[in-house]
Amino acid sequence: MPTTVSEEIAGYQLTLETGELAKQANGAVKVQYGNTVVLVTATASKEPKDDLNFFPLTVDYEERLYAVGKIPGGFIKREGKPTEKATLTARLTDRPIRPLFPDGFRNPVHIVSTVLSVDQNCPPEIASIIGASAALSISDIPFDGPIASVKVGKVNDEIVVTPDVDEHEESQLDLVVAGTKDAIMMVEAEANELPEDEMLEAIMKAHEEIKKIITMQEQLVEQVGQKKMEVELDLPSDELVSEVEELALEDIEKVLQIKDKLEREDAMDEAKQKVVDHLLEKYNSEENEDEEEELKEKHIKSAFDSILKREMRSRIIHENSRPDGRGQKEIRPVTCDVDLLPNTHGSGLFTRGQTQVLNVCTLGALGDVQILDGLDIEESKRYMHHYNFPPYSVGEAGFMKGPGRREIGHGALAERALKPMIPTEKDFPYTIRLVSEVLESNGSTSMGSVCASSLSLMDAGVPIEKAVSGIAMGLIKEGDQLAILSDIQGIEDFLGDMDFKVAGTEDGITALQMDIKISGTTREILKQALKQGKDGYLHILNIMKQTISEPREELSPLAPRVIKKQIDPDKIRNVIGPGGKMINKIIDETGVKIDIEPDGLIYISSSDAEQAEQAIKAIDELIKEPEVGEVYLGKVVRTEKYGAFVEILPGKEGLVHISELAEDRVGKTEDVAKVGDEILVKIINIDERGRINLSRKQALGEEDGKTNNDDKKSTKKT
């Protein structure tokens, strides 16, 4: 018998149901929001993975195209690898729940969100987050939830929770917030230059709705919640931590005074290994088993890291001393460069401390858009950003492979940051691809990608509205004391309480991503972080403007030129031709790319201006309307007893009656006009059905012999 709880949230009915589907999972909840239905399951292994030093959580978001009544495109008619949207939603589900598992929990946990039905007004990614929390909360898996999530927009200066499709199109904000009853855990936002106070207001409004959904989950737990399993947490003992502290504290204090990342990491590894060797030798002398020694080594390293974290945080809070010697608001040295690569359309290099990103911009025809075969209404996108993070960027030897979840996520964040500034298709009819190559990494390569992308776009001559920059912020909180750090580096990100990335222009925020690992993050803390973040990215923006302050007036000479031509929508079929015959002929003969919009707007893309002009002339011929009295050099395509059919324009034929072939009487059509001959003809009549009547004898009587298709060359004098 299923158990359900239901409540109206932002105008749509939200129902959580368990007990009917997927009953062998540790926890399973069917979430229905409006007509969106997502089944979320949570399973956990009974035994821990002893060889791991991290929590093995896997989140999979499974899109099913039947959810929107579609059959997958392509040769194989089933879903393949996850789409980019599915990967991003899996990350969105993972991020707010991961901090709520116990430290030292090493049992593999698997969350699977399967999308069964999609109502475009009620986003399935929100149902996935709610379902993951609910499934974990009612299961026997240790979890310090529940959490919930909502999507928020801003339409006509009003904050709207769960905006519908039409409102989403008009919204100045696309915000996803997740949190517990007491605190915000995650924020993901794209905005059209939203002020910080309005962003904060939207986050707080979202939290009010989140509390209602958490109450629903608590009701479900009261009815069907299981007793949590007893697990042994894989943590070093207090005695071991004390022993490691005694051996390592002095070295850790020295390590934290080293400003260079690589030098500091080498010293840290050396100090850690010294403690490991000392303690393993001690335990070896006590004749411990090998397996216990390996386990102990992991615990020794964990104890060392906990002391390192404590000492670094203490130095920041009490001494205002960061690992590289900067103040809390101080940003590392920034340098910028553009036009680095000779054969690309645009390039930008952004370096901030030991983080360096090269971005390359490529422009293409509208036909180069990325086709999307997913659950959203959007079927293609003309602006995309790809992010690559090779092992050498952190000084490691590794394997080069396809983009992982992290790379897809970082690329999407940088893409969102610049999206509000990208010109519309009408104003700039190009496909835009940006690729960020991370060359060095020591904190916030995603925000480095935003800055490098902005430089690259302006170098390519893309008329972006304004330049965009970004910065990563951090938070260290100990009791009532806190430090908000600008431009965090890798070690501060790893050991801090908040990862907070913000991008924007001089006039407001364009993207925001926040992950908070602790409770008690107040409105005032978020307000201070947003203000300090804006100060930081504006500082970087001013440095970028010293290199290039606005888009170049001309596109790169290597970029294709796009010419727009408006025609009557009723003439589109003339340009395309039967089975695409006419348009493909133009493309084959001129080498251009042609894209046609339903409203009759044609885009001709070519790197060769002469070829583009040839294509335009060919299109003009296809859409030209013949008029009575005009003379053409036509081609005989068919002969009958009563006359000859002559093509005067591509796809347009007329009849020369046998009596109109010559002044003298003609006994047989072929005596004057054979198939393939080119002859002069004049339009003498177009009847009410559009049929064209031609005359050869009247055309021959024209004095100047000028035709309306002079560019055609005759193969036979007539």
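Yeah, the Cβs are placed from backbone N, Cα and C, and that goes for glycine too.
According to Swiss-Prot, the Mg(2+) binding site annotation covers Asp493, Asp499, on the basis of sequence analysis. Close to Asp493 (Mg(2+) binding site) in the fold, though at least 6 residues off in sequence, lie Gly443, Ser444, Ala472, Gly474, Asp499, each with a CB less than 8 Å from its CB.
Annotated domain 'KH' per Swiss-Prot: 560-619, in sequence order, evidence recorded as sequence analysis.
Among the features that Swiss-Prot reports, domain 'S1 motif' is placed at 629-697. Across the residues of the domain 'S1 motif' (629-697), the predicted structure has a mean pLDDT of 91.
As annotated by Swiss-Prot, region 'Disordered' applies to 695-718.
Per Swiss-Prot, the feature compositional bias 'Basic and acidic residues' maps to 699-718.
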State the count of C-beta atoms found within 10 angstroms of the C-beta of Asp499 (Mg(2+) binding site), not counting that atom itself.
20
For the domain 'KH' (560-619), residues assigned helix / strand / coil by DSSP:
32 helix, 16 strand, 12 coil
